[in-house]
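Here's the structure we're looking at; comments come further down.
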């Protein structure tokens, strides 16, 4: 009978699964253990390098170093030394196959799914090869465990995460605010064009160029404290044009200030658009 049933490689900082062995077990107890393993993966950064979560029929073992951790679900009969020797083998194989930059940049689950074949080979080796052939490796791991025992949890402890105590505390999830703006109007497009024109006329004056560029940004994208920013920007543009009174005629100054007022009005009147809930997802 197999003693190592499932194994996966995860990223320590956020618990993102990088690779996992093919799952051949579908009993209710095993699936529950899988769920608890995923919860535990999110908290690996809180624990030292080695640890075990003990259950009635299955144990979860994990071993982490740096930003990579290996985890396994084993039967209760599996010796801890064998489980951690297996996890250490996986860790060396994975870190030798993928550099730390690729691991850190991984953004989707199971980005290194091709590593599954190596996990399966290692599982078969530890499950079916005579343990006497691994005696020296197991003895070394056992000495390390005697010197520095792994942290021991229960499977129930793995549910104490993110404010959920053993599944009894309900979490109230508020929908995330949506910052999608209303469609751009024709007058808004005109104000953008005029701002771009003003910015082009102020290429040699960095501050004024930045002012009109920021007005375009505030119109197109949502920004906290938008009203305060708009008022301050309008004030700076007015003061800047008063400062340039000797270099510009009255019509040029009125043009720049008029564009600033038009853009400010468009920014303040363009509201957020409420996004419909994705009920079908």
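Quick reminder: no glycine exception, Cβ is built from N, Cα and C everywhere.
Nobody curates TrEMBL annotations by hand; they come from automatic prediction.
According to TrEMBL:
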DOMAIN    8-119  domain 'Longin'
TRANSMEM  184-204  transmembrane segment
TRANSMEM  216-244  transmembrane segment
TRANSMEM  250-268  transmembrane segment
Secondary structure composition of the domain 'Longin' (8-119) [DSSP: H/G/I, E/B, coil]: 48 helix, 29 strand, 35 coil
Whole-number mean of pLDDT values that fall within the domain 'Longin' (8-119): 90
